[in-house]
Amino acid sequence: MAISDVPEGVGTATATAAASVQSDSDLRLRRKSSATSTGGLFDAEHAVRYSGSDESLNGKSSDENKDRETNHVASDNAVANDREPVADVKYAYRPSVPAHRRIKESPLSSDNIFRQSHAGLFNLCIVVLVAVNSRLIIENLMKYGWLIKCGFWFSSKSLRDWPLFMCCLSLNIFPLAAFLVERLAQQKCISEPVVVLLHVIIMTVEFSYPVLVILRCDSAFLSGVTLMLFTCIVWLKLVSYAHTNYDMRALTVSNEKGETLPDTSVMEYPYTVTFKSLAYFMVAPTLCYQTSYPRTPSVRKGWVFRQLVKLIIFTGVMGFIIEQYMNPIVQNSHHPLKGNLLYAIERILKLSVPNVYVWLCMFYCFFHLWLNILAELVRFGDREFYKDWWNAKTVEEYWRMWNMPVHKWMVRHIYFPCIRNGIPKGASALIAFLVSAVFHELCIAVPCHVFKLWAFIGIMFQVPLVLITNYLQNKYRNSMVGNMIFWFIFCILGQPMCVLLYYHDLMNRKGEVD
């Protein structure tokens, strides 16, 4: 309480009025300093907060800071109520206020680059790519004309592709056969060894039959690749269906015997064999079978239509790049292993850029657009079809993130079963790479009718790259050395080389046949 010299009773009102005037004067002064011109170089709110934090650092009481914040809110309210603030920056951002308070990294430094949003730089890259590539496309069309031909993708004699189409339709018989086997196993009409044998026969026939059809028919390349991909997908689904049901029967028998199981072995869904669950699994965008899946409430028809339009556009872009750019490059090249080394390097580097565009379009069309469209149509809830593989710091991270359906299948039916049977982790990972390499080779070599093992060698070459990039990542923490190695192999050395090798082997085969 302040001591006043004014006699009580006479000066109380006067003192109160004087205090009120002084308070109003202080408030106006604070408004002057905080509610300055909003279009100035220094923001008023920023200046007041800096002053408050500076005084707090110098030992000022928290009550004064609260009073300052209250006055700042009052000034903001005055501005909001269209009361014109007095343009006075006398107390706004004084020279004595420190401008440097903390240790900070530059936004593009290696320690801070992933903590910042780079949306603006991404938009800039899109604009530059559109501008540069539009000019290149116009120059290419002016110089070479329209080079797109459909003979490599679609057969000129469409009737010779009918056997592949009929083969694709007939593959639905094999899931039905697997369902009958599982139904008999559930009813205990056949023993477990017989169940395993029947499943092995079904899977072997399911894979061998399309391979023989493709090799016997002189079909178009795209038709053969499509049938092989569909064959591989059905085969992987059949393996998951048989393996999962086998495991569920084993857990059911253990529960009936009263054996104590760890929590991780408790089945989330009851063991049932129904045609409905198998039919949904065969059309769902997953390779791992379970009796029930997370489902979305409804189908967004407008969203599906927009994704279909994107799918058509990007598929056309991918075909245009292949026919207009990649085909002329590979046609005007020599075999990379049978000629001038410098010339081969020049062809590979020239092919690398359109190859990256095609690969990214393929990834976006299949893993993002098509799988999401399929998931939306069947109301499949888990849509983690890929992760941010472009940020992979090691080759191992890339293979774990870029194709999640296959990765989950490998972990569930190859990697951990090997570990449970006493195989070391390194050997289990090597077996998973071996299986992946075999499927990559078959999907390319069978439609091309060329078995040179280039795709197999390319996948197995990833194993030493995994060791190298893991070593570099452990030695140089938080570095992007592994990511740069991955992009170099991805863009320059790996895929363009495989494209040239398979193209020349395919052309040599056609020349021999002719």
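Glycine too: its Cβ is placed from the backbone N, Cα and C atoms.
The shown structure was predicted, so the numbers you read here are calculated from the model rather than taken from an experiment.
Here TrEMBL flags H440 as active site. Feature annotation from TrEMBL assigns compositional bias 'Basic and acidic residues' to 61-71. What TrEMBL lists as region 'Disordered' is 1-36, 52-79. If you look up TrEMBL, you'll see 119-138, 162-181, 193-215, 221-239, 308-326, 356-378, 429-447, 453-472, 484-504 marked as transmembrane segment.
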Among the ranges 193-215, 221-239, 429-447, 484-504, the one whose Cβ pairs under 8 Å to the transmembrane segment (356-378) are most numerous: 484-504
Most Cβ pairs under 8 Å with the transmembrane segment (429-447), selected from 119-138, 193-215, 221-239, 308-326: 221-239
Residue numbers, six or more beyond the limits of the transmembrane segment (308-326), whose CB comes under 8 Å of its CB atoms: 137, 140-141, 144, 146-149, 153, 351, 354-355, 357-358, 361-362, 364-365, 369-370, 373, 499
Tertiary contacts of the transmembrane segment (119-138), as residues 6+ beyond its ends and Cβ separation under 8 Å: 324
Residues satisfying Cβ distance under 8 Å from the residue listed as 'active site', sequence separation of at least 6: A455, F456, G458, I459
